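Just dropping this structure here.
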Amino acid sequence: MKNLLAASNLDRAEVLGILDLAEEMHEVQGREIKKLPTLRGRTIINMFFEDSTRTRTSFEIAGKWMSADTINVSAKGSSVSKGESMKDTMLTLDAMGVDCFVIRHAGSGTVQQAADWVRASVVNAGDGSHEHPTQALLDAYAMRQHFRSLDGGPVDGFEGRTVAITGDLLHSRVVRSNVSLLNTLGAEVLLCAPPTLMPTGADQWGVEVVQDFDEALQRADVAMMLRVQRERMSSGFFPSAREYIAGWGLTANRLRRLREGVAIMHPGPMNRGLEISSEAADAASSLILDQVSAGVAVRMSVLYHVLGGSNEGSK
Ligand code: CP
């Protein structure tokens, strides 16, 4: 695999291959000395045109633990702030002999565009409202661990499992990557959002659109809550915060009504008290920190697949 640009480019065997290798990588996290020699001599640039805590840090850790040289470049400290185009920036860095770019950008489709410009491998760390494939992979990793602990046995695909994804789906790249990946793994996906925050045509994504959040929670094995992205709402936040919490917030009351074994997920960063209450975020059934932890192992596996394996496949 040369690039990882979209979850929708991955077939089931590729997803399971990445998750299986991530399990081996997860063991490294528990060791006192974490370095593997796997990517020694390779250079990775984390190119972030948009802010990030989890994704940028975990890609940096992943690269370092595999002995790659990792360099962080952000738009603010680079010549982008002087008006240099993204294309010139990418070509300039590519000419230095970089092996892989991990790119986050506010524009949907820009990461695919960058992959067409450069010789190096490219991994999408989130482009606009388009895709965030490594988030969906780490979410699948955390779900698989959860289902295993419930079943007490091996779990590959997600047939017979229901995942309810609720929140600001309109602006979310996480929902698009998760729907693709969960469909590939055989899960039933329910989407729930205020009508103003439901993408047009979402009912054609191989999911069921459910109007009533309480019904979605009743049917779910996993309740994945997504952030209200106020920074992407130019004309204000509608419905109001009070209406949002009443209709679509995972409140302490709704937490108490969840069936036993239902896992709570959120990719972060969270708006505590809006889409998710602190009681739900910090509940014993919350996988939120498991998701963060899985992020390092999954990104190690992804970097291995694009840099350490063959250069055939997913473009
Ligand atoms: N989930 C996620 O992408 O978080 P960051 O924006 O902190 O990277």
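Cβ atoms are placed via backbone N, Cα and C, with glycine included.
A quick note: this is a predicted structure, and the numbers were derived from the prediction, not measured.
In case it helps, TrEMBL gives these features for our protein:
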- R54, T55, R104, H132, Q135, G268, P269: carbamoyl phosphate binding site (BINDING)
- K82, R173, R227: L-aspartate binding site (BINDING)
- 2-145: domain 'Aspartate/ornithine carbamoyltransferase carbamoyl-P binding' (DOMAIN)
- 160-305: domain 'Aspartate/ornithine carbamoyltransferase Asp/Orn-binding' (DOMAIN)
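Set these features in their place in the structure for me.
Annotation for R54 (carbamoyl phosphate binding site): spatial neighbours P267, G268, P269, V292, G295, criterion Cβ-Cβ under 8 Å with sequence separation of six or more. Following the DSSP three-state reduction, the secondary structure of R54 (carbamoyl phosphate binding site) is helix.
DSSP gives R227 (L-aspartate binding site) a coil state; it is part of no helix or strand.
Residue counts for the domain 'Aspartate/ornithine carbamoyltransferase carbamoyl-P binding' (2-145) by DSSP state, with H, G and I taken as helix and E and B as strand, are 70 helix, 27 strand, 47 coil.
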I need the CA-to-CA distance for K82 (L-aspartate binding site) versus R104 (carbamoyl phosphate binding site), whole Å please.
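Counting only the Cα atoms, the answer is 19 Å.
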Give, as a single whole number between 0 and 100, the mean pLDDT over the domain 'Aspartate/ornithine carbamoyltransferase Asp/Orn-binding' (160-305).
96
Using Cβ-Cβ distances, find the residues under 8 Å from R173 (L-aspartate binding site) that belong to the same chain and are at least 6 apart in sequence, listing them in sequence order.
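Sequence-distant Cβ neighbours: S108, G126, D127, G128, S129, H130, E131, H132, Q135.
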Among the binding-site residues R54, T55, R104, R173, name every one whose Cβ is found under 6 angstroms from ligand 1, counting any of its atoms.
R54, T55
